[in-house]
């Protein structure tokens, strides 16, 4: 006889009827699974004095091991079994306690922020919770939710169930609304039905005492020691609270540059990048993983060759930074020179820093002037040779990322208020940034203070004229001896990404888009006001432009379920129509919110204020990819232009397509805008390898689920170009290539096509060998946790 050790330590005979109740519920109404098969295979592993916990884990593992291409529903069996166990751990029974009890318990344990639940009718909201929606999770989805998002106590025991999580997030984000119960319910409905999902930081931290809700930050380093080290401090603080970072180093003077009038005194950007690398390692993200920092450099910078080699395993280790993610800020002129097989001139930004402030024709004019200037430092390289080096590194290591400076800035709705200097870690965010500005603070012996620009000429009482940054305590100005001269900073701009994604596998009709997009735009706008900001500059920037990034996920599932082949004419037309609707309703909602809550501060003189939308600045070649003409749009764009001019816009930036790997796993759909990896693969988890089958795989969808490696990479680029027409920011776009199909010409054609079609960036180049192990494990180690 087999005996069982209960949770309370009591030993009693195994009661198979109790197990049968759970196995029956776990297999009910699921095709291709068998209650008896589950019980028989699990019982083979039972032993005397087995614990109830071990029985539960054995049942779950038995179901997980049965997940396969022809039996994908075992994933839902495993999920249900996991949920039954979770209910008992959290509630003490198979079900949900009252919402009020959940809040009181979580507050008592210090895991939920006190003070916002009082703004709501807890009886009403408790009555709206739908526990049955838990059964939407497949096994990997519920495991991901448990491991990354559900709240736990100090001993790592779960204290939260999925629907309570969704409701408390909804409440937190609706707390300042005029009708908080109504808006919270709208947020809950969309999130809990998996129609859309917030990015990882919002899901994990909304409702908690550490409500850092933003995914990524983008900043810029000035060319002085004070500014460089202030940047490290800022990166450290941002990383501490779990933010992914994109940082522009293009202003930092190159190797061989001048320092204090001495030529060849500068060691260039690389030593400073090594320190940034150490910041990423030292300031791990809440103790869970090392920081993630992408560093950007303009392609005309003299240090570009070393920058490309930043992560190489060979060479001088003092010039390597293996934990950074290098990205190149590529201008049109460089790629024109590549196509012309012409020479490319590299400059020192110390002598031509205005190039970082210019793009398009203004940049080209100034660049040509610098080329003709005999007085400044220059280096020359054949543009095609530099391009080959970039592409070779891209193929070998997937890096450096490529981002196209002119494409990004041409379509910047806030070009009147600054310039886009780089993207973020995942290359989908494009917003204005600016480095700190430094000036001289002169403190006199009488305690008074005066300020000067660094290079401002000042005449001392000794009749000596010098730059303000050369003043010392030996100088006297207007009869007042100087006590000390110090450099102080005026904050620049560090951009913020607040992200969420529409699930196209569920939301793909005009009616549903019209219903869901306004809810998610409002939710993201509320994130801005309720966010915890690591420093003042970040908050000021976010409140200045009120940037959000609404994206999409589940495109491959949506196409398969509509029996549309990837890269086909129908594919391009379908996503064109969907993205138009999403863009239209996102802009419309922001205009409505502007009337309700006020416009963003930089609205005046923006492209929005002139009625100029992303589609109005779309790339001409991209427009030719679908047959929709200029006057053949489904939406009333002219009416919306007039509305925006009258109302204003609540948000300076609206749309961006992020990677979504975690949240797409959570809701059981395909990742972001990408084709599938394989029909079946394995995800690595704390529990081991978990088999995963693409969603809703059946005879109707089988032929329409095509591996990314079996799709022409140019079709990925063309699909991205169609989406980009409607997006004011960018897309996190991976390119997939089989090794046997790779060549210099292939890579050249792919990435020049991306540039020509108006894309703003590409993310990783993922290559795969022709022989793939049957137990293919998807490598997510290189992915940004925060944009997921």
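Just so you know, glycine gets a Cβ as well, placed from its N, Cα and C.
Under the heading domain 'ATP-cone', Swiss-Prot lists 2-92.
In sequence order, 4 are the residues of the chain that are 6 or more apart from residue 15 (ATP binding site) and have a CB within less than 8 Å of its CB. What Swiss-Prot lists as ATP binding site is 6, 12, 13, 14, 15, 16, 17, 18, 52, and the listing cites similarity to another entry.
Here Swiss-Prot flags 200, 424, 428, 661, 662, 663 as GDP binding site.
Feature annotation from Swiss-Prot assigns site 'Important for hydrogen atom transfer' to 216 (among others); the stated evidence is similarity to another entry.
For 216-497, the entry in Swiss-Prot reads disulfide bond. Under the DSSP three-state reduction, residue 216 (site 'Important for hydrogen atom transfer') is assigned to strand.
In the three-state DSSP scheme, residue 253 (dTTP binding site) falls into the coil class. In sequence order, 223, 259, 266, 268, 348, 349, 350 make up the list of same-chain residues 6 or more apart from residue 253 (dTTP binding site) whose Cβ falls under 8 Å from its Cβ. Annotated dTTP binding site per Swiss-Prot: 223, 224, 225, 253, in sequence order.
In the three-state DSSP scheme, residue 424 (GDP binding site) falls into the coil class. Taken from Swiss-Prot, the feature active site, proton acceptor applies to 424 (among others).
In this view, residue 426 (active site, cysteine radical intermediate) is surrounded by 34 other Cβ atoms within 10 Å of its Cβ, with every protein chain counted. According to Swiss-Prot, the active site, cysteine radical intermediate annotation covers 426, on the basis of similarity to another entry.
Within 10 Å of the C-beta atom of residue 428 (GDP binding site) sit 30 other C-beta atoms, taking all shown protein chains into account. As annotated by Swiss-Prot, active site, proton acceptor applies to 428 (among others).
Per Swiss-Prot, the feature site 'Important for hydrogen atom transfer' maps to 497 (among others). A strand conformation is recorded for residue 497 (disulfide bond) in the three-state DSSP classification.
The local packing around residue 763 (site 'Important for electron transfer'), expressed as other Cβ atoms within 10 Å of its Cβ over all shown chains, amounts to 27. Swiss-Prot lists 763 (among others) with the feature site 'Important for electron transfer', giving similarity to another entry as the kind of evidence.
Marked as site 'Important for electron transfer' by Swiss-Prot on the basis of similarity to another entry: 764 (among others). Residue 764 (site 'Important for electron transfer') is surrounded by 21 other CB atoms, counting those within 10 A of its CB over all protein chains shown.
The feature site 'Interacts with thioredoxin/glutaredoxin' is assigned by Swiss-Prot to 784 (among others).
Residues or ranges marked as site 'Interacts with thioredoxin/glutaredoxin' by Swiss-Prot: 787 (among others).
In three-state terms derived from DSSP, residue 13 (ATP binding site) belongs to an extended strand segment.
In this structure, 17 is the one among the binding-site residues 17, 424, 661 with the smallest number of other Cβ atoms inside 10 Å of its Cβ. Note on proximity: among 200, 424, 428, 764, the recorded positions of the record, the Cα nearest residue 6 (ATP binding site) is that of 200. It is 30 Å from the Cα atom of residue 52 (ATP binding site) to that of residue 662 (GDP binding site). The domain 'ATP-cone' (2-92) scores a mean pLDDT of 90 in the predicted structure.
Closest to residue 200 (GDP binding site) in space, going by CA atoms and restricting to the recorded positions 224, 426, 763, 764, is 426. Cα distances from residue 224 (dTTP binding site) to the recorded positions 216, 424, 428, 497, 662 are smallest for 424. For residue 764 (site 'Important for electron transfer'), the nearest of the recorded positions 17, 225, 424, 497, 662 in terms of C-alpha separation is 424.
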